[in-house]
Every structure is written in structure tokens, then in C-alpha cells.
Amino acid sequence: MLARSVRTLVVSPKTVFRFRGCLFEKHVSTASADDRAIVSLFDSPHAAFKYPSTISTGLFGHSQLSHPNAFISLAEATLVRAQLLTDRILRARSSRDELLKVVKNLDRLSDMLCSVIDLAELIRNAHPDRNWATAGHHVYEQLCEFMNVLNTHVGLYEVLKLVLADASIVKTLSPEAYQTALIFWRDFEKSAINLPPEERQKFVSLSSDILVLGREFLENANAPRPPASIKPEHMVGIKDKGLGVRLQLQAQFTRRDLLVYPGSLQAQMIMRSAPDEEPRRRMYIAANSSTDQQIXTLERLLKTRAELARLVGRSSFAHMTLDDKMAKTPENVMNFLGALIGQTRPFARRALKTLSARKQAHHGLSSLPTIQAWDRDFYCPPEPPAPPIPLPPLTLGTIFMGLSRLFKYLYGITLRPTEAQTGEVWHSDVHKLEVIDEDKGLIGWIYADLFARHGKSSGAAHYTVRCSRRTDLDDDLGDGGLTGHEELIQQNLEFEKVKRHKIPNQDGVYQLPLVVLLCEFTRPSVLKGATVLEWHDVMTLFHEMGHAMLAMVGRTEYQNVSGTRCATDFVELPSILMEHFLSSPVVLSLFDLDGTHSLRQVGNTHEDPCHSIDTFSQIILASLDQIYHSPAVLDNSTFSTTDELENLTVSKGVIPHVPSTSFQTQFGHLFGYGATYYSYLFDRAIASRVWKKVFEKDPLKREVGEKYKLEVLRWGGGRDPWKMVSKLLDASELEKGDAEAMREVGRWRIEDEVGLPGRH
């Protein structure tokens, strides 16, 4: 354990503190061997943490996955075993003993397919070898096609209905097993399983149309917008001395209007630096324009979704989607958003008044002018996030060391570097970490693929390649066999048995979780040294590690409710909460290897006035998402996405609507998060409350970490999230998760600077 001692707070801004003694408390950390190993692993240009190994294996320790063709063979083997298990479940109605195993076998069937599908998803996005990536794509498409057949399999649905209708069988199910059964049942119901054949075929057709329209919508969202025509005289006085001067010279030399494309560096410079309002107005309108075809694609997508919902007896796509979420109904979502608007609008208006005063001074006006949409970046230029106190440069290795120390304080869990065997990882940059619990030993693995390279997917991502589940009760022999396919069956069995462990002080054998983190940081080099992260990169790592820790601790008997397999409007809570820890100087002191750095007590007290404006804009977008997936899409013959956006902006917004704009065609989350865009705001509100009420006072206190671990993390998706949150906050009034509970969460101000849109 790291030694702790309390010291008196000294208020003088000139006082210099040791890095290990930030503000109220100091945590003197003697660097352990694991601390030094983890720093060396990520900061050394040659990845110094290496042990000699003569053992050769395949991806993730699966000896058969040593070449792309073997992966395709594994997919074939998986299909054979999945069909055998499907047939077994279908025969269960003739045996009570088999009926008792239906929920377990459905979960096994799901895991059998998902463990290969999730691996394929990673390989096709991260593997540098084109042959592997192609194989990954093939396997993904092949198994997803079979999965879609199972999702609409009437026989499986009828067997599950038989189980849930038998009270004596239901009594034998644990709460976790019953929750798993309900998830399968709801998924079947959403797939029009109980409709006549013709209507089921229509469901399949509409689902296919939605995928096609969704892809087209996303292509349109990312398509370049036409340029804005900027007159030379509008460039006079531009504040940017580099690119701005070049644009002014170009305008003077050509004596013609400049054509500036939205999203370009020139466009960004104009929005932030042009003192004349007109070029900013033109750029804004150009950036938020749409063609009739782009609008038509979105509206066809929304109407097709609405038709799908009506087909299965729901009044709207939002009603269909929210059934199994914390919110439960669109009305509850609007209750939450309405309360959140009431909480946030005063802060947004106060911020706008600050910007209005800046605009008044800029133009020398006698009264406060209106802030327009194109004024935001000029009067409040976007600033990168900053730590709460000045810090020395933070390297990738020190961040992972700090994460390991934080997890040790909170949960008794540490990250331990270990060598990957030859063939186990897809690139030499990938590093392997064991996740070690002080009582239970090894509980999972994290593979960190953190450095940029050609062909690698961009951005940060978290992949749960394999979920946790209990395996000693599987009864593989009961699945039967198939003459002529013995080798394939054995191949899949061997694949499944890797990563299984007996957990000390816990019944049974468990398949341990396996997580991959993908980022694109600069690789350390001999010339430049270790990779130093910007603060937003540190926040991203903490966010993704929140997901990873949920996967590690949420070790359930059923994979369908393990780790991050939980409600969409709950899954971001652990990751957003992790970002809050970065607001604590006490936590930041864990980044110091030996206590050799010093820093000033004076913190970063600058408050971005635009933060509340941006949060309010997110609330408006979440409201728009609900409107776009409401019954009005079909009930109103004149439904127009552009009109709805204008009406919402006029009635609820704080910045005037701009005519001739149609931002909705670039709102890409409408496809991936249709009717659930509120989720991120919802989890931000809960995370803010949890931080304030549970962690802020003493963020490294083990008792607090254990409470969070036991009341939230360990359940994964196997318990009602409302019960978890109400227990954690000692707020019994939330347990019902009704309309009033949603309103109550909406009344919690989102007290953070951590919620960056797009980090999921």
C-alpha cells in the first residue's frame, strides 16, 4: 500500500509543493517494480520490458490463429457448433432437464458467436496485414448473417417463451439468469418474431432498408459542403497573422471573391479571427447547408424506422428503442431533458451575456447586441482542456502507472506488464497488461495498441474481445456431434477453452475478460524520447480505462450481462466518472514516479464561458433526436426535419435560428444513437452527482471505491441500473426509475468540464 499522511493546506499562492503532496493530502509513493516496468513498457523507444521466450502461439494465445486462413476455418467450426447448440435448444421442449438449461445454452450460443465476431471486428480495424483484415471482414459478415437468422428464429423464441411461462422454472433462475432471459426475449420481440410470415418478411426488408439508408446518411454527413464566397473587403483586419495574411494577400492579388470550403483550415481561421461578421455568417451558412437529396435521405431513414416500430406494435421508434433502457419511455426522456434545460439555461444565458459584452466592446455599441451562431468561435475561441493545476509533462508510461496506482487505492487492483508470446499480438507496438486483484489474482487482460501507424483506424476505441462468463456448467457433451465434422468441433472447443481460470474464493471456472485499447499516439523514439500526452489525450485514456475496468470487474456468470453489456444510457457512467478523477490534485499526485517533481498550488481556475453553451446545445440535439423518432414522423403528413429543427431552436434555444441552414443532415449520431442521444448527457449528470456525493471528498479512500465496485461495477448489466445508482447515492427515491426519477436526475447540474461530445 502507498503511505498516506495529511498536511495542513497553505493558502499562499507562492507556496511550492512537492508533486507527491498536492493540496490537502500527500501520497508518498515508493515506485514498485511494476510501476517502473509499466513506465518503461510505454516510454522506452525499444519497449524495454521483455522476457526471453521461445514459445510461439497465435492471436491472443489461440494457437490455431497463426494465419488468416485459420481464422476463416475457426468461423466454419463456430458455425458447426452453433448449429448443434441451436438444435439442442430446439429439442429442449421434450425434456424438463433441458428446459432448465435453455437460458444457459442461449447465453452459450451468444458467446460462441460473439467471441469470434468481436475478434473479427478488432482484426478488420487494427491488423496491419491486409490478408488478416480481409479475413476479419469475411468472418464478421459470415457470422453476423447467421446471428441475424437466430435473432428471428421462431423455434428459439417459442422455447424461451415456454421457459418464461413456467413459474417453477423461473423460480430456479438466479436474478442474473432471469435478466439474461429477459434480454433474449426482448430482442426476439423487437425482431417481429410473433408476427405472421408476410409481416416478418416486411420486417426483414425494412431492417435492410434502414441499414442502406443509414450508410447513405453517414456518407452524406461526412460529405464536403460547398464553399462560401468571401469578398476581399471582408478579410480586412483579420487577426490571424499567418494564414490570415496569406488569404488577404490572395484576395488583394486576384481581386476576386475567395472560395473557402467549410471545415478547412481557412474556414476555421475565419470563424475565429475575422472581425467582420459577414464572412463568418457566410461560412456558417455554407457549413450547415444541405442538398434536397441529403434531407430526403434522412427523412426516409426516420420514416422507415417509424414504419418498423409500427409493424411491431409500437407507436414510434423511440418507444420501441427505449423499452430496455433506464429511461423506459420517450416521455421520461423528455422529462429529463426538460429539467436539464431548466438547470442549464441560466448558465448558458449568463455565458451569452459575457460574449455579448465582448461583442459590444468590439463594435463600440451602446447596448448589448445579440450573439449569433457565427459569433461563438470569434468571441469565445475553443480552448483545449487543461488540468486543474500546472503539471510537468505527462508521458504515456506515467499515465498508466497513475491508473494502476489509482485502481490499487480504490479496488485493490493493479496493472502488471507481461510479455506477449510470439504471434500473440498483431503488431510489435501492442503491449499486454495483466489485471491483478489483490484477493483473486488474475482477473483479465488488457492489450494496449496505442501508437499511430498506417492503415490503423483513427480515434480512440475500446474493444471487449471476450466477455466474462462461468464455464464449468457448460455441459459441452450434451450438444452432440456431427459425423465428418469432428475436427471442426474440436477446433472450436479448443478456442473456447483458452483464457479460462478458477477464481480464488469463488465457485466455478470463469472465462476471463479480454480488452483491447486502440489509440493513435506518437511512438516514443530515441531522438524525441517518451510520448508526452496533451491533456485531452489523458482524459481519453481515463475514459477508455473506465470501460475497461467495468469489463474487468463486471465478471458475471452470463456473458450477455457481463461488463459493458448493459443499458445504453448506463454504459458511459463508469468512463465519464473516471474523467472526474482527473479534477483531483490528490489523484494527479499518483503520476509522479518517485516524488521528484514540484508544482505550484495555484490551479487552473480559468472557466470557459462557452462550456455551458456547448452543453445546452447538446441538450437541444438530444431533444431533436427524440422529436425525429416520435410518432409525428408518420402522423404528420407535412413532417419536415428542417422545420422541426427551426421550431425547436426558436422555442427552446438560446441562440437565434439561422435561416437557410439544415445542420440535421450532419448529425451523424442520429443513426448510431437513434432515440438514445440523451444517454451521454444522462450519464454525465449521474457521474457528476456520484463524484460530488461519493468520491470528491476523499477520492482514494478504499471504502468508497469498494462500495462503488460492489454496488455498480461488479453487476455489469445483470442488475437494474436504477437500483445500483440509488444504493450508491443512498437515494431510495430513485429506485423506481420512474418519471420523477428522470426529472430528479435532470435537476442535477452537470458540474463537469469533462463531457466532450463524441468520446464514447
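Including glycine, each Cβ sits where the backbone N, Cα and C put it.
Values in this document were obtained by computation on a predicted structure and should not be read as measured data.
Annotated in Swiss-Prot:
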{"type": "TRANSIT", "residues": "1-19", "note": "transit peptide"}
{"type": "BINDING", "residues": "His543, His547", "note": "Zn(2+) binding site"}
{"type": "ACT_SITE", "residues": "Glu544", "note": "active site"}
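On the structure: features taken from Swiss-Prot.
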| residue | record | Cβ neighbours (10 Å) |
| --- | --- | --- |
| His543 | Zn(2+) binding site | 23 |
| Glu544 | active site | 23 |
| His547 | Zn(2+) binding site | 23 |
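Secondary structure from DSSP puts His543 (Zn(2+) binding site) in a helix.
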